[in-house]
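Enquirer: What TrEMBL records for this protein is below:
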ACT_SITE  ASP154  active site, charge relay system
ACT_SITE  HIS204  active site, charge relay system
ACT_SITE  SER529  active site, charge relay system
DOMAIN    145-571  domain 'Peptidase S8/S53'
DOMAIN    373-449  domain 'PA'
DOMAIN    605-719  domain 'C5a peptidase/Subtilisin-like protease SBT2-like Fn3-like'
SIGNAL    1-19  signal peptide
Amino acid sequence: MVRLGLATTLLAAASFAQAAHQKAPAVVPGAYIVEYEDSHDPTSILASIKGDATIRKDIRHELFKGASFQFKDLNKADDLANKVAAMSGVKAMYPVRRYSLPEYAVHSTGRAVQEVVAKRDTGNDTFTPHLMTQVNKFRDSGITGKGIKIAVIDTGIDYLHPALGGCFGPGCLVSYGTDLVGDDFNGSNTPVPDSDPMDTCNGHGSHVCGVISANTNNPYGIIGAAPDVTLGAYRVFGCSGDVGNDILIEAYLKAYDDGSDIITASIGGASGWPEDSWAAVVSRIVEKGVPCLVSAGNDGATGIFYASTAANGKKVTAVASVDNILAPALLSEASYSVANSSLSTFGFTAGSPSAWANVSLPVWSVNFNTADAANGCEAFPDDTPDLSKYIVLIRRGTCTFVQKAQNAAAKGAKYIIYYNNASGSTKVDVSTVAGVKAAAMVTSETGAAWIKALQAGTQVTVNMADPETAPKNLNNFPNTATPGFLSTYTSWGPTYEVDVKPQISSPGGMILSTYPRALGSYAVLSGTSMACPLAAATWALVMQKRGTKDPKVLENLFSATAHPNLFNDGTKTYPMLAPVAQQGAGLIQAWDAANANALLSVSSISFNDTEHFKPLQSFEVTNTGKKAVTYQLGHTSAATAYTFANDTSIGPAAFPNELVDAKATLVLTPAKLTLNPGQKKTVTVLAIPPLGLDAKRLPVYSGYITLNGTDSTGYSLPYQGVVGSMRSVTVLDKQNSYLSQSSDATYAPVAAGTTFTLPPAGKANDTLYANTVYPTIVLTLSMGSAEVHADVVNSKGKTIGQVLTFPARWNPRGTFEWNWDGALSDGTYAPADTYKITLKALKIYGNSKWPLDWETQTTEPFMIKYAAKSKRAFTA
């Protein structure tokens, strides 16, 4: 996924732009995970692949008994895998999928402690993410998570950071964990594990751990939400690249075996299916009594129905992100003068590139209109001077930073400063623009002051500083665009089986925390990656306060006491609650969860779709307090989100989906109930979906059942359902599923009758054939499909097998490409002939044995032939 810094009207909230089409986590060719039956001796299974495969992971665990292995001959891999899958004692087979480094936005970074000039008062917990979630109340009461062990599965941690304990091992903040991969691991090579989870090259894990438990030994008054927990760090990423789900499974099982009370991971990839192997293992750990919190994902731009794994696992707590009410920024200090006056200081956020050392130049601006939303978006006028002699000042807005930089560079610009169009500052990346040596951003106030001086005809000279050595100042700007609202990047549920996802929301946008010393020591980042660890820390606080570690009890408490918020699309707020599919139960209110006297038996209710409608459901309410309480029951609706833009659309609309004020009717019995201390009663819920909706557009309705007590307490329970049939939704986008060729980077369709000359069977990896143009199968799923086939049909109309690596299971929506060298799933090769590929996708809730539950698309005919074998060929 490509993250592009868009010059939008938002503050410093992250902009996670999407690629041209969504990609599922990559499958490692020839690599599989096999799960054995619990009582089966795997000796015969492993013996059957001896010589044909290498063992990646041999996992003998009470929660997962199996192994992952890599077949040596990719052309025989699927045939061998099918044979293994059919063996006695094999419970399930899964492909090994690779998950990329966690995606997040870097807004600004600081330097080491001795280089920082601005400090905050650390006497009280005034950290806004804590105020938003009531964490400050725990600190005021002396509850800091002591005695709770939190495992963090991530990129490792710089535990030598003074705010992260300064050591590793017993008695340290980071007292346990391991490195499962090593620095050089990139997902495609062999991991080199060791016992040290140190990370100095990525930073994600160090930021996450600081959110949980940073101590006050830092210049910014950063306070971890639960500073006295014990951390375990499980490093599953090298300095770059990705990781296989077999390593993630191993990490979770290690964290479980090491006695972790909570496991948190800010990792994931598109899925929507709780049945995949990683999600299944995490669900089992929860069932064993260990809460597992996983970030919901940063694909909000793709709209509804884009749940991430392993967050989409059953009983796994998926955490969405809300934006901080402040926009903290670590600004580098530089100076400027107006008409040779005395120097004044200002702050800036260095961008990329950042060669600002010893740059002192006058400022030039396109115009003097600080309200020009498209400033710099058009080609600069012909009378523009040679901009190589200036620092070019451009307002943020409308088009991308890159487009503005390209227009400036066309007139010789080497140095560009953007001034914000809202409060605060953020990092910009124009490193792809030729000729630009440095970029930065300043606040709207600084930009306006310079523009005012320029408009008066006076010269403004800016003396920049090297951001690596310049003093840093912490500035807390008000978030005027999205304070406390759902981050636009946060991924939406539900799953394809209409399970409620996410469960909860937590501050994740614009979060100041620790960072590896080598990368700046402190940073302001955004992502659900930042929301999830704060949620995990609040779980620890409530564990300590209530004396329970039960995952179900904890999730139910947090859900019932959360605060749902209104919908905000990044530019304006709507007078309706954000859908449950975006925010779950709402923003965590941890102190309320810790002190709740009502315990609900569930954390949410799904009425499913029209075809699988479950209109009558129930939940129990228990009074855990010491006084009798009477509760008045009711419900309030959230916005109903249309999945499709219109009733002929193929695929969900992009964010923001169209929202309507359509309300379900709930009949709650009883409407009022009185509970004595320790008493439990059942509430029955009868749902009538909203009327007047277009079922073809698959509207997702939701809301909250409310319980208002005579003791002035209030609780809520999220619900959701779908009007329309998930089974009837189109899953295969036929117009965008076709045959292309590997030489075309745009993946355009090829003409019927195209001939491809392929390497001899089994020689696709020989360097002699490196320039081969392969037929490329392009498959676009408009919604997820549990199973996809690619049948190879010859010139006589006979299906001779499936393309190697098919069938593909548990697929998210998105576009996928496969280059085909003629290999079939049974290990043989299709002979030279004319072929068509028939793509088949199983409908949601479809039965694979029923032909009508499959959608199909057949490509244009094409011809394959094989090159003659050459003795000069050798394998790379």
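Placed from the backbone N, Cα and C atoms, the Cβ positions cover glycine too.
No curator has checked TrEMBL annotations; they are predicted automatically.
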Enquirer: Return the residues near SER529 (active site, charge relay system), defined as same-chain residues 6+ apart in sequence whose C-beta is under 8 angstroms from its C-beta, sorted by sequence, else 'none'.
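Expert: The list for SER529 (active site, charge relay system) reads PRO102, GLU103, TYR104, HIS204, HIS207, VAL208, SER266, SER295, ASN298, GLY508, given in order along the sequence.
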Enquirer: Could you tell me the mean pLDDT over the domain 'PA' (373-449), as a whole number?
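Expert: Averaging the confidence scores along the domain 'PA' (373-449) gives 95.
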Enquirer: Treating G and I as helix alongside H, and B as strand alongside E, what does DSSP give for the domain 'C5a peptidase/Subtilisin-like protease SBT2-like Fn3-like' (605-719) in helix, strand and coil?
Expert: 3 helix, 60 strand, 52 coil
Enquirer: Going by DSSP assignments with H, G and I as helix and E and B as strand, what are the residue counts for the domain 'PA' (373-449)?
Expert: 18 helix, 16 strand, 43 coil
Enquirer: Which has the fewest other Cβ atoms within 10 Å: ASP154, HIS204, the active-site residues listed?
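Expert: Each of the active-site residues ASP154, HIS204 was scored by Cβ atoms within 10 Å; lowest is HIS204.
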